[in-house]
Amino acid sequence: MQSPTPTNSCSDSSASSQRNDGERSSQAHSAQTAASSTRTRGSRTQTKWPEDKLTATGLDEKFWPTPDAARERFVLVCGLIARERVSINRKLEDLSPVEKEQLFNALLEKLEYPANLEPVVRNKAIKAAMSEIATLQRRFKAHLRRTYVRQEESPFEKHGFLKPEDWEVFVQETNSPLFQRVSQEMKDKRALHNKPHKTGRKGYHGKRKEWEEEDAKLAREGKENPWDQFPGRSRSYLRARAAKRMTTSEGTSEGSGDITFSNPAVVGLANKVKDLASKASDGSFTGVRENDILTAALENPEHRGRVRGVSSSVGWGKGFGEEFAGMYRKKRKKTKERSDAEKEKIVGETAIRVINMLRQAGVVIPDALCPTQPTHIGSSEQEDASVSEEEDVRGSGEDHGPFNENEADSRSSMLDTIDKLTEPTKCSLLDGTEHNLELAVATVYPYQETCHCVPVQEGYAVVQPTYVWSNTSHFRLPVPVGGMR
């Protein structure tokens, strides 16, 4: 029997070695893949329309349905409407009231609101639903740009409800220079927010129940709650930015132990809050409402319309709680009924003003129509002086005889033409020659006291040009002198 040559023996040994290495490599790769698959979250399945219908028992301060089950159904259906019932190339604010009503009716098919809602409350509920749909639509469009447009992939396999013609327009808009510039500007603004929360889509309201369960667990186990060192709304603000798990000396357990922050900016904020809390305990720091410990630690004021650590859509009236409800300034409501004295005062002031303007225009006013006890008005010094003069004459008790019409005519002839005007009047600008060519058309305002925040001097009137003839630019007007103003 012929023995194998050394060359073949060497080749077989090498091939066997390569097969063993390949098997070990394949096993290692399989183990690595299996390990990575346990760490990687699987892709989300397509959200389906619910088959049943829930009933909401009430509305919260944001006019969202309650309880939590109705709230979750509200977000679910609003997301489906945003994706499947609204075009990706349209914005919610561009929809007509009829279209918004149709979207709200689609929501009512899967979520029944409380019966007999007042029209005002129902309109606010519709507005809240449209706001949530708009938010979810923006989120969906961002997902399409990130996952499909920039990867140059087709979305129709997973999102079959999209129309090809809408997708073509959407891709063109996303790749346009204008959109790229605006997108970069928004990214730069987003980068300035160095303390993002980790509550996800739930927000503070959705995490509140989870936090309460964690606190109850610590209380049952007799452990100290580390969040007790953060007072007020700073507790929820920092808790929304903390790591999901809190480490202990024995290891890592969720809902107990020390607090960890992965963001250095949040670490610095937490230290400031603890320092201010210690100062508040000894009385060296006093803060209240929007000027509390959290605002002082953040070093920027609280803006109206939202309360940090509470909600981004709840205002100060409800966001700071009932304990500060009495601190808010209430607008004084105008009463529909006025006292008799106020009514008589208003009538007297109005009568004096009208009589004064009519007499300046040369209209004869019989004494019987004049108020017996006129009230001074504080409109202008000139009117006050004329009214006071009339009061002194008629209130002195002397008999001055009947009103002289000739005397009134002589007084009116001494008045300027503008002094006879009682309301805004159309006028023309003439060239001042014997032909009196019209150069412009304007409106004179005889009793306007200011012009562009500048007080109008006595003897002057405000004139607003409305049209200037195009062929009058070569006319040279004389400079007003003497009595001309």
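From the backbone N, Cα and C atoms, a Cβ is placed for every residue, glycine too.
Whatever TrEMBL says is automated annotation, not expert-curated.
Summarising the annotation, TrEMBL assigns compositional bias 'Polar residues' to 1-19.
The region 'Disordered' annotation in TrEMBL covers 1-52 (among others).
What TrEMBL records for 27-47 is compositional bias 'Low complexity'.
According to TrEMBL, the region 'Disordered' annotation covers 187-214 (among others). Counting residues 6+ beyond its ends, the region 'Disordered' (187-214) has Cβ neighbours under 8 Å at 68, 71, 75, 236, 239-242, 244, 254-256, 263, 265-266, 269, 309-312 in the same chain.
Residues or ranges marked as compositional bias 'Basic residues' by TrEMBL: 192-208.
As annotated by TrEMBL, region 'Disordered' applies to 372-413 (among others).
According to TrEMBL, the feature compositional bias 'Acidic residues' maps to 381-392.
Per TrEMBL, the feature compositional bias 'Basic and acidic residues' maps to 393-402.
The annotation domain 'DUF8039' is assigned in TrEMBL to 417-482.
Mean pLDDT for the domain 'DUF8039' (417-482) in the predicted structure: 78.
Assigned with DSSP, the residues of the domain 'DUF8039' (417-482) fall into helix, strand and coil as follows: 6 helix, 25 strand, 35 coil.
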